[in-house]
């Protein structure tokens, strides 16, 4: 596979005309917006009155047709109504206008041919302009005319004006560039929308004990556990070890619950009567609306719940009310945690659930989605390749979706959105998708919107009040390799309301304090994040129009925890990059000690003498040195936001079989011989990792064995050495010891031996626990 040139995957700075003005330095010459102005002709059709009858019966089924050149938009029609009300807005892009006259025709819907009732015409040169925040243009009544310009019976209320995409009417208007889209459902699917994630809570179910259980078989001790079900989440306690009818557990179960609370928590006590057979001893349903809410770690009072048992009488379930067994639990909704639905590496929100615990916002994030260039064809329609692209941006609980631009590989959106910022160390995610639901979509839910690419921008990497205008590559990993699907052009501005508040945030914990006072386990967090993403995707897919499950899962990085050879190599190289600095310092020290550059070594001797004679200068010198390094590196500070890096991800040189393994399903769907080959490869790599981890463990165990008397002679030598060293250091000034040690380390190569030193030999001879391993 031939790879595209590396520079094709890079970030490109641009100079667009934002809001009709140029970007000069860090500021805009126009305060209009973060997007390029797009001119539209708006026509608001409000209502009509006194329309004449056209049928034989004298009735009328009126609708309005708005015509501008080749573009034609129509309202819905009313049956047998002479005073209809439509209240619909039509928007015609000025770039596509190929006429000088706007026609608004009133017609009568008919089976054979629609009858002409009357019309109103406008000269485009006479249409007024409106720029927000001006008030909306008031509609006026216009007398209808026939085709010859003579006045006829009936009037039409209209408002016609020239405006931009900043107009309030823009999101809900019918667009001329979507004229091929049919159906009300499809039109809703192409409009821009704002969505809110449901408010998520952690629900803690502390199962304490049960009382007076009545097992079906009295001759045996019951093996009892409690099963808790909330929606599609089900958890269970361990089997109680107390062989009585009053078992105890005192075990916590954690769930994710979303407002509004639609489903109750169902607790059932079950007895394991056989390996695959459980008997329900009682159950209760608890509505979440009545459960206590906790903001901190203070305990909540526990409650007893009566367990109901259902018996089948004559084919119907009936409640058995003879004697009530009881379940003792402590239930509460945790408001002090942040419910993670994103990866912790690029979270867009870190606030706790309870609004009372929120801190004030520190600024505003503004995003201008300008356009895209060079998008790849995503589907075939009428025998030709096409793409119907839209963007989704997610930050905090607010999701935004731009309108869909029909049949364009270079769509222009020019839409702007704003978010409140509560923490600068957060990430906004922007995804580009192809709309597969333009004509009502696939009712069975089989059609899926295709992903074109994704961009992440970390707010802390942005300078405040600066407008960043860059073209970001849209990169997607395919089984054949990494592919550039086009570029998206964004304008981003992070405005800080209080610099002191933002600086103070850097001293605060990343997550709410409950995560540290009562931490959840890693496996708990993984399971809860999975449940949270499922709830968010389900709720947003039920919105109107839906933000579909595949979109939400791609934006939330569902499945990013799956094994990938490519990602594992990338993480290994990242670790080596971090260790590279330490290794470089070690090489530099070795060069100094071996007098590779005598002048540098002499200077280090002088610096070493000063620091030993005046030890109070050691810490100031270190911090001054770090300060000078930081100032020196300021010249090479990054000027652009970070973007997806194919080289860092090891995506540009990944082996085809590694990519095929990454895209394989779980469990695998590949033939046994390929699975065997991959398993052998994984074993060989894991063997190398095992060796490295074992070597690290060996060095640590040798340190432990210095004083453990595992090797009595070695520990005796070390203990005697420590005693002699303590006596010598006690009677010898520290400066003398430091000078002798330093001069010994920095001694000239002619005084060095080729063999390892005695302390190193002693350390390597110490025992480790490898002898005890099978």
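Each Cβ is built from the backbone N, Cα and C atoms, and glycine gets one as well.
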Quick one: which of 601-634, 635-668, 669-702 does TrEMBL have down as transmembrane segment?
601-634
Labelled transmembrane segment by TrEMBL, one stretch among 561-591, 716-746. Can you tell me which?
716-746
Annotated stretch (region 'Disordered', per TrEMBL) among the listed ranges 1-23, 24-46:
1-23
With DSSP, how much of the domain 'C2' (22-142) is helix, how much strand and how much coil, in residues?
6 helix, 57 strand, 58 coil
What else in the chain is close to the transmembrane segment (601-634), if you only count residues 6 or more beyond its ends and a Cβ gap under 8 Å?
592-593, 595, 734-735, 738-739, 742, 746
Note the mean pLDDT of the domain 'C2' (22-142), expressed as a whole number.
83
